[in-house]
Amino acid sequence: MISPRSLRYPSNTWSLIGHQWSNHDLDPTPPGERKWTAWVFASFWAAHAANASAWTAGSATVALGLTWWQAWLALNVSHVIGTFLIVANGRMAARYHIGFPVCARASWGMWGSYMAVIMRAVICIIWNGVNTFYAGRLVDVCLQCIWPQWANLANSLPDDAGITTRQLVCFIIAWFIFQCLTLVHPRDLKWFYVVKSIIVFVAMHGILGWWMHKNGGVHFEHESVKPVSSTTRAWLWMQAFNAGFGTVSSLTVNQADIARYARKPSDQFWGQILMYPLASALPGLYGILVASASRELFGSPLWNLWDVTQTMLDQYPDNSGARFGVFLAAGSMALALIAVNLATNCLPFGSDVTALWPKYMTIRRGQFISCLLGMAIVPWKILRDGPTFLAFLSGYGYWLAPGAAILCVDYYFIQRGNIIVSELYNGTMGAHYWYTGGWNIRAPIITILSLAPCLPGFASSISSSVNVSLDAKRLNNISFLLTYCIAGIMFYVSYLIWPLSPSMKACIDNKSFEAFADILDLEEREKRIAKLQREESGQSNEKPEDRTSEYVVG
């Protein structure tokens, strides 16, 4: 029988402080594991941005009633703003080499951080399942390319299941491939993202080229069929704008789990500040163009990539070469979804459950569990049509906005970039980030209050049985930015009314921005030099004190 003790994961660096709050995956990333350069970040963001969700967000906006350029502008503006929010929340992790669950302890308190962690973990599970199902639908197209008779597989599931036997089998295949990749630690996948970024861009251009050739370009004649008032068009634009935030919102809180592996802080900044807006602009545009072309050809827009590639395949029932091309296109996009899942759902969930149960969990174990839980949320209900998908994206961003705002305001304006890293692992009463009973009560209260204004409209967007006013629905169309601003302003004002405790204030008063991080960098350089000197003199490479914490500022 396997005992609980045998499942425990050893704690090293922070065992003297209390391993309840730590294990190796929660500890600051050691220099030897900081392998991500600016080019790796650029490749990662190119790979992430060029994904099926960005394509679908673009194509789904065609059904709203906007012109193609209005829809594309809405998505791009939200992505540019979102990129700055992503970079801002990656700064703390890049400077102090810690992931989101540990960063959250500075803002929420030691126990309070669990609320932020659980909120994010729930979202990761849902989005994990959605991406896996989407990949499964593309796997279905791939199997038809190889075995055309696969399309004739009989359905043995009832209609109310919302999924067919064929789709379920393909979902399980995609899930299994994904499950195997979760066994690899994300810090070791940098070349995977470099290769994937190249393959996916080639596939996207191939899909776009086929549709443009098939339709003789795009003429957008349908845009004049249903004229709408300027007020209605403005709110439709805000709906598309808000959906654009949905594709980047997770990254505003997940960025720390990636930025902690940066070789130096500037790598996570320059590697994405330009690449993400540029890379995300193309899939959204391509989705709009293909959806518009498919509307001209077949009467209705094809808003998701499995229908896009399925329609391409249907044009070549007997052409093996064309089928092989469709196979490469669909397979590449399925790979893109799996890669996005690894970085933006499995890695964050793995970090979250590691923080919740550091005695037993690691990032890789958490990734494995995340993949299992992704099967249980019936994601095919979310992807049944374009408006439902847009509602999901909007709600996704809305739910994460308070946490992202609190982290940003606290680091830059309250703590002024000065974090005592050792205290982030100190769960004793009276510790620096203990606040009140382990909770910074501002964070959970402000989170709930900031979510309240858009809650009725959000509920209406996901359930037709909820009837709310037009104004409430419109508030939901700006839910991410509104909730982010409310949470950030309220958090800052709360410190004007109830300032930092005298001990915390005294710690950071008269300190320059990120002075503590500069001290840690200096100590790290000195230890590196001392180690080189010992090696040159033939002494031992490691002293006993080197095995204890390097991250103490006091």
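Even glycines carry a Cβ here, placed using N, Cα and C.
Beyond the ends of the transmembrane segment (69-88), by six or more residues, the same chain brings 57-58, 61-62, 233, 237-238, 240-245, 247-249, 251-252, 255, 268-269, 272-273, 276-277, 280-281, 284-285, 288, 404, 408, 412, 481, 484 to within a C-beta distance below 8 angstroms of the stretch. Taken from TrEMBL, the feature transmembrane segment covers 69-88 (among others).
Annotation source TrEMBL lists transmembrane segment at 108-130 (among others). Packing against the transmembrane segment (108-130) from elsewhere in the chain are residues 21, 100-101, 250, 253-254, 341, 344-346, 348-349, 352-353, 355-356, 370-371, 373-379, 382-383, 392, 396, 399-400, 403, 406, 426-427, 431, 433-441, 443-444, 447: each is 6 or more residues past its ends and has a CB under 8 Å from a CB in it.
Tertiary neighbourhood of the transmembrane segment (163-184): same-chain residues 132-133, 135-140, 143, 150-151, 153-157, 334, 338, 341-342, 346, 364, 367-368, 370-372, 374-375, 378, 380, selected by CB-CB distance under 8 Å and a gap of 6+ residues from either end. According to TrEMBL, the transmembrane segment annotation covers 163-184 (among others).
Annotated transmembrane segment per TrEMBL: 191-212 (among others), in sequence order.
TrEMBL lists 234-253 (among others) with the feature transmembrane segment. Same-chain residues lying 6+ beyond the ends of the transmembrane segment (234-253) with a Cβ under 8 Å from its Cβ atoms: 48, 53-54, 57, 60-61, 64-66, 70-71, 73-79, 81-83, 85-86, 89, 100, 120, 123-124, 127, 228, 276, 280, 284, 344-345, 348, 390, 392-397, 400-401, 403-404, 407, 474, 476-481.
Among the features that TrEMBL reports, transmembrane segment is placed at 273-293 (among others). Cβ atoms under 8 Å from those of the transmembrane segment (273-293) belong to residues 41-42, 45-46, 48-51, 54-63, 68, 71-72, 75-76, 79-80, 83-84, 86-87, 201, 204, 207-208, 211-212, 214-215, 217-218, 220, 222, 244, 247-248, 301-303, 308 of the same chain, restricted to positions at least 6 beyond its ends.
Residues 44, 47-48, 50-53, 55, 124, 127-128, 131-132, 134-135, 138-139, 141-142, 145-146, 148, 174, 177-178, 181-182, 186, 189, 192-193, 196, 199-200, 202-204, 206-207, 250-251, 254, 258, 305-306, 309, 312-313, 315-316, 367 of the same chain, all 6+ positions outside the transmembrane segment (322-344), place their C-beta atoms under 8 angstroms from a C-beta of that stretch. Residues annotated as transmembrane segment in TrEMBL: 322-344 (among others).
Tertiary neighbourhood of the transmembrane segment (365-383): same-chain residues 9, 124-126, 128-130, 132-134, 162-163, 167, 171, 175, 178-179, 182-183, 186, 304, 342, 345-347, 349-354, 389, 392, selected by CB-CB distance under 8 Å and a gap of 6+ residues from either end. According to TrEMBL, the transmembrane segment annotation covers 365-383 (among others).
The transmembrane segment annotation in TrEMBL covers 389-413 (among others).
According to TrEMBL, the feature transmembrane segment maps to 433-458 (among others).
Annotated transmembrane segment per TrEMBL: 478-498 (among others), in sequence order.
Positions annotated as region 'Disordered' by TrEMBL: 532-554.
For the transmembrane segment (478-498), the list of distant contacts is 81, 85, 238, 241-242, 245-246, 249, 394-395, 397-398, 401-402, 404-406, 408-410, 413-414, 442-443, 446-447, 449-451, 453-454, 457-458: same-chain residues at least six beyond its ends, Cβ to Cβ under 8 Å.
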